[in-house]
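Down below is the structure, laid out as structure tokens.
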């Protein structure tokens, strides 16, 4: 117990005061691992502070991040496929509303299956090989969809695609967070969402121009390219350190931070964090329900629960149905969405590290609430025959400002929560749309309003903090 307290105190001190450390008191490990004498104390400390990877973004980090988030682009293609292909598939294969709802939502059910095993697979295979494993499911899924002759084969293909997407939803944010310097980590993780939106936008546009089978082949191509690019990026240094591969860890860290950077301080921090985790015990699922994990678990599960019940996945999967229901041309509506979706995501990527994650979350929740309320009013006016010419306009505006798939990085349990409630929403969305569209979106708007309160009172700001500092902050909160 005394050793654990000493380790926690040492880690917290090291994490929170690296930049404030006086030059005449350098980390002892710097001398041990660089072989420098105490005569060069000031030079070593200055070099560590000025050239440390925490303050520098290299071409290797950019390349590795881009390759990783290319998997999110593939996920976005899968999410956008059901909207662009809906009219063609229902006509060619004579699918009912229930059958197409199953096809659309089974992606999220596959995501649920993938999420259940995502943490264990990532721990066994590593981040890089897990992304290759994801693409095996995605490539197979797209081919099955393209060749499908009935609803059963369609569902099988989309289920495989969903498993790959579910695994991606865990490993990509984790990989980026583990390789990116802390001052740009938020923007880099948010690039995950940007690329996903690019995939959705591409399929919203192409879906209006090509048959659905050809659209499935289009989804197959970026998956194959992603497999090829994955061979050119390093493995996560934190995963390598966890597996005891210290030399490989330092090699990967040096490659990411640059050849002239002293990575000793960052490597030591990673090592100390892993040592403390080993003292705390393993990562069995039952241990997540201990008191010390209650706060981060509440935040992660709560955010995923509220995000899905705000209706964002349903809007993404069935955007064309919303426009048709509101009397607005679906081809024009989905094309306009695609046009503004990417700039919105780019804006979020730019401002996330300036405004902070917490502020951006509340802003997104407010936008979702406003959009859902506008759609509720739109369909309400339509059902009562009041101002019918306003319904298409309100529908278009409401869908356009709806943030698509606002997500946060999370562990296995949180990711499972996300996909489970995503499946419920996407499966019931079309039924609820036909039953009472106005009431459905009013419920979504109330959930978004509660989300703002939840984020304001419970979610801490993580801007400018390293992963080790965030871990120390959350641990301190429950003590």
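One is the number of the first residue shown, and numbering goes on along the chain from there.
Just so it is clear, glycine is given a Cβ too, placed from its N, Cα and C backbone atoms.
TrEMBL assigns the feature transmembrane segment to residues 188-206, out of the candidate ranges 36-54, 188-206, 245-263.
For the domain 'Major facilitator superfamily (MFS) profile' (64-463), the predicted model reports an average pLDDT of 83. Looking at 61-81, 212-233, 293-310, 413-433, the range that has the most CB pairs within less than 8 A of the transmembrane segment (439-459) turns out to be 293-310.
Most Cβ pairs within less than 8 Å of the transmembrane segment (130-147), among stretches 61-81, 188-206, 359-380, 413-433, belong to 61-81.
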